Amino acid sequence: MGVYLGKYCYIMIIMLVLVLGKEVRSQLLKNGYYSTSCPKAESIVRSTVESHFDSDPTISPGLLRLHFHDCFVQGCDGSVLIKGKSAEQAALPNLGLRGLEVIDDAKARLEAVCPGVVSCADILALAARDSVDLSDGPSWRVPTGRKDGRISLATEASNLPSPLDSVAVQKQKFQDKGLDTHDLVTLLGAHTIGQTDCLFFRYRLYNFTVTGNSDPTISPSFLTQLKTLCPPNGDGSKRVALDIGSPSKFDESFFKNLRDGNAILESDQRLWSDAETNAVVKKYASRLRGLLGFRFDYEFGKAMIKMSSIDVKTDVDGEVRKVCSKVN
């Protein structure tokens, strides 16, 4: 009996250490981390993102997705920025990632002013915030102080959310990162400025569940529209906005699309069919001039701060890379 209790206590201590370790790591982040060491850090990142945005506004969803994919694999440590045949960028879910050149540009500008000070992980977190702000979305204070990870493995990217995931699987993947159902729905609201290839949803139009029919959850009028955009004989590479109603504006229309059966991705539309996620979607979709529902812009900022604190690295297990695409 004593042996079993001893093993149980040992396991509980290990679990407690892991939980407290994550909590301590997230507390190492703070607003204005570079206020003394590199006072212009955030403004340099902002101006860099803005210059790229002015040339191509679609870079905003690319940067947001890049940050999301970084945080869900190895934590928010810039590991997705590392190049290599076996690095995260080589994983199937990461093919087509955009915005890498923006981060490299910002890093080069920062190195010229504050060499070896600002991490690539922080640049990415700041750039994601700025990309939302430039798309008429909310802005929020980004706690900084992350260090860059030294490991990037394509095999670790299997836990990234997929457009084929059920709601249960989506919930579990987010829960594994310390994010709840409210965070899940809120963060997927980023699809209001997102894009995807026809390849990732064409099956819903022509051969749903191998029946030869269309997904019945798609509204008839929207189905006609999607078939025009993505014909059955196309190569699947055409880019389609995930929120056709207001593709370049960060707003609540994405949630109204779920309500109306106008979601592009199956995983998004499924949020309407689950009672728990449906309740959150309704709160966002029904909001009218701040009188009803949740404020999506405010809640999104909170969820992003929470997500950007996932498994951050410290001086012990991280570094400040000189070049974001490779470890020092």
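Note: Cβ is positioned from N, Cα and C throughout, glycine not excepted.
Feature annotations, courtesy of Swiss-Prot:
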- His69: active site, proton acceptor (ACT_SITE)
- Asp70, Val73, Gly75, Asp77, Ser79: Ca(2+) 1 binding site (BINDING)
- Pro161: substrate binding site (BINDING)
- His191: heme b binding site (BINDING)
- Thr192, Asp243, Ser246, Asp251: Ca(2+) 2 binding site (BINDING)
- Cys38-Cys114: disulfide bond (DISULFID)
- Cys71-Cys76: disulfide bond (DISULFID)
- Cys120-Cys324: disulfide bond (DISULFID)
- Cys198-Cys230: disulfide bond (DISULFID)
- Asn207: N-linked glycosylation site (CARBOHYD)
- 1-26: signal peptide (SIGNAL)
- Arg65: site 'Transition state stabilizer' (SITE)
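This view paints the features noted in Swiss-Prot onto the structure.
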| residue | record | Cβ contacts under 8 Å, 6 or more apart |
| --- | --- | --- |
| Arg65 | site 'Transition state stabilizer' | Leu97, Arg98, Gly99, Ala190, Gly194 |
| Asp70 | Ca(2+) 1 binding site | Cys76, Asp77, Gly78, Ser79, Val80, Leu81, Ala121, Leu124 |
| Gly75 | Ca(2+) 1 binding site | Gly149, Ile310, Asp311, Val312, Lys313 |
| Cys114 | disulfide bond | Tyr34, Ser37, Cys38, Lys40, Ala41 |
| His191 | heme b binding site | Leu242, Asp243, Phe254, Ile264, Leu265, Asp268 |
| Thr192 | Ca(2+) 2 binding site | Leu242, Asp243, Ser246, Lys249, Phe250, Asp251, Glu252, Ser253, Phe254 |
| Cys230 | disulfide bond | Cys198, Phe201, Arg202, Leu205, Gly236, Lys238, Val240 |
| Cys324 | disulfide bond | Gly78, Leu81, Ile82, Ile103, Asp104, Lys107, Cys120, Ile123, Asp148 |
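Minimal Cβ crowding within 10 Å, among the recorded positions Ser79, Asn207, Ser246, is found at Asn207. Around the Cβ of Val73 (Ca(2+) 1 binding site), 27 further Cβ atoms fall within 10 Å across all displayed protein chains. The residues near the Ca(2+) 2 site, meaning same-chain residues not in Thr192, Asp243, Ser246, Asp251 whose C-beta sits within 8 angstroms of the mean position of the site's C-beta atoms, are Ile193, Gly245, Pro247, Lys249, Phe250, Glu252, Ser253, Phe254, in sequence order. Cβ environment of the residue listed as 'substrate binding site': Phe72, Gln170, Lys173, Phe174, Ser267 lie under 8 Å away, each six or more residues apart in the same chain. Excluding the listed site residues Asp70, Val73, Gly75, Asp77, Ser79, the same chain places Cys71, Phe72, Gln74, Cys76, Gly78, Val80, Glu88, Ala121, Gly149, Ser152, Asp311 with Cβ atoms within 8 Å of the centre of the Ca(2+) 1 site Cβ atoms. The separation of Asn207 (N-linked glycosylation site) from Val73 (Ca(2+) 1 binding site), Cα to Cα, is 32 Å. When Cβ atoms from all protein chains are considered, those within 10 Å of Cys71 (disulfide bond) total 26, not counting its own.
When other Cβ atoms within 10 Å of the Cβ of Cys120 (disulfide bond) are tallied across all protein chains shown, the result is 30. Every protein chain considered, the tally of other Cβ atoms within 10 Å of the Cβ of Cys198 (disulfide bond) stands at 20. Taking only the Cα positions, the spacing between Asn207 (N-linked glycosylation site) and Cys71 (disulfide bond) is 33 angstrom.
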